[in-house]
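Asks: I have a structure here, written as structure tokens, and I will follow up with some questions on it.
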């Protein structure tokens, strides 16, 4: 026998979960006293809380305070308060099983909430619509509305309402037999309520789980969970809600084939729900109790009880209960040989079963209807085309005017394009003239710079150069003025003479660089050879080798060329001073887009990590950084030293 287990719907619990519920005194009395001294806004809030607390105890009182709150809000004209009290009227109508009125109130509150753009009120309205849809057996609409509510509550970080949304979804997942998912959503909700110490909703979830355990045939566990819920509801004066776990206990004993205990609990639940005037719950209970009588072969009692359950189901248009009651009545009538009645109820059951659980058929019908409507529209379009053809003669003149207007616009467009092209051509010509003037200006500037270089180099050569030469000559003469001049003074004069000679040499290098706007590879090679020849006179035992593997006409700016030469010069001097080498090689080459100079010796080498490289390397790095170049030193003890300098070729031509 398939059993339907009623799960408690939680939306009505939302406002009740306050600490006041668990105090020794009745919170309703406190709220009544408080409301007498409050302004309208706070009074409405108190009345709604009183109505919600009465929902689990006395529906007449719940109705009275719901209507009082709505009257005050309507008089105040406060839109938000009107929405809140309209929603409360929906809650009461739902608990009173007046689902059409409840749905009307919730849809009205949703409309007003959207106008007010109040997220919380919108979400509450979705929840209300979802619960009523669930009661009416429209589970997909119900779950859709619950998810819409949850998505808003998540944005508001409203964990309590998120949990209630989970529970509402769990109710419908159970009805469509998604039991694993149902348990998952119940457990997600119970964790939130346990963290909040919300014992009312924890009890309600235990009742929900009891229903799911019954579906999974875990009847003992179902009884255990339902007893926990029942005890809490009774201990806290929620007698109305105790009917739900009692119903689950009855179903468990029924399934365990313990008819005496099952009957006792069914009758107790029926008594409570009759007092509560809950036709929705009574529809389920009478159907389940009818089934119990059927199993005991009390077919006349089963029919009598089943017919009563069907009346309650039809009263609230609960399709799922109408379907279940029809099925059970069909079986019972068949047993008493009333086959016409049995067939009538079986037909009703199968019809409702298809509408409840075979939505795919509805979808197929909708698609066929869509195709039909499309075909119908295509025929209408064909008729309209015929009518248009008949009217073509009357609109020929209009078409001609349109053609003439289009032609005029086309001619105007062609003329406009011509003017635009002409304007663009003039702009290009003007830009070319500007570019040419800029180029001529650049050439003139470069020529003036070159003239300035030549003038400075002549001044350096004629004035400073001649003066330095005079100093050398004077120092040499001083050494021979007297034979009595001591040796130390002679050495000092020789040092000054050598230093001055070196200064003249470097001055000539500078003048050489300044005389040129560009320095070619051939110029650089030649200058290096000159320096090497001079070095040979000071170090006759060292072999020098200078090579280049690069286009000799490739050039650098004077700044780049001079810096490269000075770095090579410094590297050779370092080898002469410290390397104790017998051979020094200089290689000029091009690698990819880089100019490279390699200075290599076969001297004693050194450990780069343990030696202070001093000012020499610092000067080399500074010179190369000025021209965006790099210096890299590799050296090993007893294996010599290799210095690599590199600079990007494309950058060299832009330097001055």
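Every residue number used here counts from 1 along the chain in the order it is shown.
Glycine is treated like the rest: Cβ placed from N, Cα and C.
Predicted automatically and left uncurated, TrEMBL annotations should be read as such.
As the structure is a computational prediction, the values presented were derived from the model and not from experiment.
Checked TrEMBL, it gives:
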- 459-651: domain 'Histidine kinase' (DOMAIN)
- 83-116: repeat 'TPR' (REPEAT)
- 123-156: repeat 'TPR' (REPEAT)
- 1-22: signal peptide (SIGNAL)
- 400-420: transmembrane segment (TRANSMEM)
Asks: Please work out the helix, strand and coil residue numbers for the repeat 'TPR' (83-116) from the DSSP assignment.
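Replies: Per-class counts: 31 helix, 0 strand, 3 coil.
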Asks: Write out how many residues of the repeat 'TPR' (123-156) are helix, how many strand and how many coil, based on DSSP.
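Replies: Counting residues by DSSP class gives 31 helix, 0 strand, 3 coil.
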Asks: Across the repeat 'TPR' (123-156), what is the average pLDDT of the model, as a whole number?
Replies: 90
